[in-house]
Amino acid sequence: MTSTPTELIRNFSIIAHIDHGKSTLADRLIQTTGALSAREMTEQVLDNMDIEKERGITIKAQTVRLNYKAKDGKTYVLNLMDTPGHVDFAYEVSRSLAACEGSLLVVDASQGVEAQTLANVYQAIDANHEIVPVLNKIDLPAAEPERVKQQIEDVIGLDASDAVEISAKTGLNIEAVLEALVTRLPPPKGDETAPLKAMLVDSWYDSYLGVIILVRVRDGRLRKGQRVRMMSTGAVHTIDQVGTFSPKLTPQADLGPGEIGYITAAIKTVADCNVGDTITDDRAPATEPLPGFKPSIPVVWCGLYPVDADDFEKLRDSLAKLRLNDASFHYEAETSAALGFGFRCGFLGLLHLEIIQERLSREFDLDLIATAPSVVYRLYKTSGEMMELHNPADMPDGSVIDHIEEPWIRATIMVPDDYLGAVLTLCNERRGQQVDLTYVGNRAMAVYRLPLNEVVFDFYDRLKSVSRGYASFDYQMDDYVEGDLVKISILVNQEPVDALAFIAHRSVADTRGRAICAKLKDLIPRQLFKIAIQAAIGGRVIARETLGALSKDVTAKCYGGDISRKRKLLEKQKEGKKRMRQFGKVEIPQTAFLAALKMDA
């Protein structure tokens with residue numbers, strides 16, 4: 001089969017806030033163009049991870065090729081890239097957008113524009129996309145299409161007068177969306193005779209085929225048996241299979257300019273496939289790679305340890321397999337005195353961390369402990385040397401530190417004005433600095449600069465609870481700012497517990513220290529001797545709780561008789577306890593770790 005001429009191809013992605021009906025619209029487009037038979041249609045076809053279906057969110061970007069016979073009688077090939085809407089997966093979004101020429105902007109006609117819609121639209125505008133606004137859920141009684149169109153124009157600055165009004169659930173007006181794609185989006189550009197340049201959009205692991213690579217061809221052709229080279233790593237592979245998604249893998253003879261498809265090349269490790277890399281022909285390589293690719297930088301780090309130490313190897317293999325699918329996730333081995341062997345893992349954000357943890361426990365059946373999430377600090381020593389600090393336990397002695405810088409973010413929060421006061425109070429409690437506050441209709445848009453350290457723990461949950469779930473939140477990294485930060489160590493029976501150490505601003509150090517000590521007092525089982533649970537900054541103890549001893553009734557078998565007999569036994573017990581306190585080891589149960597780490601917020 002010869003590849004499709006470029007003027008009949010349209011590559012587009014769907015951008016939307018969480019829950020505005022993006023995956024449902026994708027389902028309808030697949031159904032209308034008949035890419036899957038009625039028997040194979042399931043809800044959210046493109047969300048193929050269980051977690052994605054359960055939480056109703058899209059995590060991995062997915063693609064599908066649709067054939068559509070338009071009103072002008074020509075049959076067009078539409079390549080749909082379904083992108084995630086959540087802020088943590090902005091990296092997946094940026095790659096999908098780089099592979100397309102246009103976007104459908106889906107906005108819920110009853111909710112209006114939300115924070116993540118904005119973030120993704122700006123990314124699409126940066127990628128020079130033609131954007132077609134689509135109002136979804138028009139069948140709801142609460143839908144206000146005119147108000148939302150006005151809002152799109154006011155907030156984003158897009159002309160929404162000819163926005164397509166649809167209901168993805170009932171399938172209303174889906175044809176109009178397909179026509180808009182064909183008439184309003186530009187075809188891809190590309191030169192078939194130039195040296196091969198293809199962008200590696202995503203890669204995942206298949207136990208039969210090895211690594212499957214999702215590619216977007218810019219120039220040249222990709223065909224079976226061709227030897228290709230990855231430009232960033234220099235690895236050379238021979239292509240076994242070329243094809244497209246419908247959403248099932250469908251082999252083709254070759255892929256030409258503008259087409260999106262997959263290749264397999266018996267690649268064993270995904271480490272060879274850097275997402276966003278340029279693939280070129282080994283014999284006639286392109287001179288320079290495609291622009292528009294930035295490697296992802298982890299923002300949040302935490303330690304992952306197996307509950308059962310024997311599972312360490314299993315955890316290592318599982319992480320390696322996940323890394324195959326998720327290029328934005330990093331890990332390195334580390335050890336902890338309290339938790340044994342484990343890994344220090346880097347994530348794009350908290351939802352990303354939660355999902356990786358959940359995938360490890362589901363797909364690989366692992367029981368894990370995660371230490372408190374921390375951000376990357378920059379530590380400047382008195383010697384003038386700068387080190388990056390991923391783990392609070394590695395922080396050197398205070399005397400050698402000149403100053404510490406912490407990452408700040410720029411957060412955009414959209415909230416109905418009834419809840420604005422509570423949201424502003426929350427931001428101020430978290431050391432936020434207000435940058436901007438504007439009103440659009442009855443919704444306020446607040447822009448704040450916040451230290452990432454304060455956001456990492458539970459900012460998102462608190463934001464949702466103070467705004468009754470109406471606020472939406474999006475952020476991008478700003479820069480590093482010097483801060484008065486201290487490391488708080490937790491000591492149990494005079495022994496520091498490395499897994500519980502954390503870094504906080506001096507102003508909140510005391511309250512956090514007290515809270516953790518009080519929590520641990522309830523969680524650690526009582527021993528036969530008294531235990532002190534302390535929080536300390538350097539050598540200064542800032543909080544203490546004492547866990548009382550269990551006492552065994554040693555005088556139980558003395559009946560009556562002389563008091564000195566009882567006293568002798570009690571003295572003996574006291575001696576023993578004193579000795580135990582000196583040499584006794586306190587085992588902290590795993591449940592205590594989990595609960596203490598959860599409450600760090």
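Yeah, the Cβs are placed from backbone N, Cα and C, and that goes for glycine too.
Classification of Ile138 (GTP binding site) by DSSP places it in coil, neither helical nor stranded. Sequence-distant neighbours of Ile138 (GTP binding site) (same chain, 6+ apart, CB under 8 A from its CB) are Ala109, Pro145, Glu165, Ile166, Ser167, Leu172, Asn173. What Swiss-Prot records for Asp19, His20, Gly21, Lys22, Ser23, Thr24, Asn136, Lys137, Ile138, Asp139 is GTP binding site, and it gives sequence analysis as the kind of evidence.
Per Swiss-Prot, the feature domain 'tr-type G' maps to 7-189. Note on the domain 'tr-type G' (7-189): its mean pLDDT in the predicted model is 74.
For Gly21 (GTP binding site), the same-chain residues lying six or more positions away in sequence with a CB closer than 8 A to its CB are Val106, Asp108, Asn136, Lys137, Ala168, Lys169. Of the listed binding-site residues, namely Ser23, Asn136, the sparsest CB environment within 10 A is found at Ser23.
Site extent for GTP: among the recorded binding residues Asp19, His20, Gly21, Lys22, Ser23, Thr24, Asn136, Lys137, Ile138, Asp139, the largest C-alpha separation is 17 Å. In this structure, Asp19 (GTP binding site) belongs to neither helix nor strand by DSSP; it is coil.
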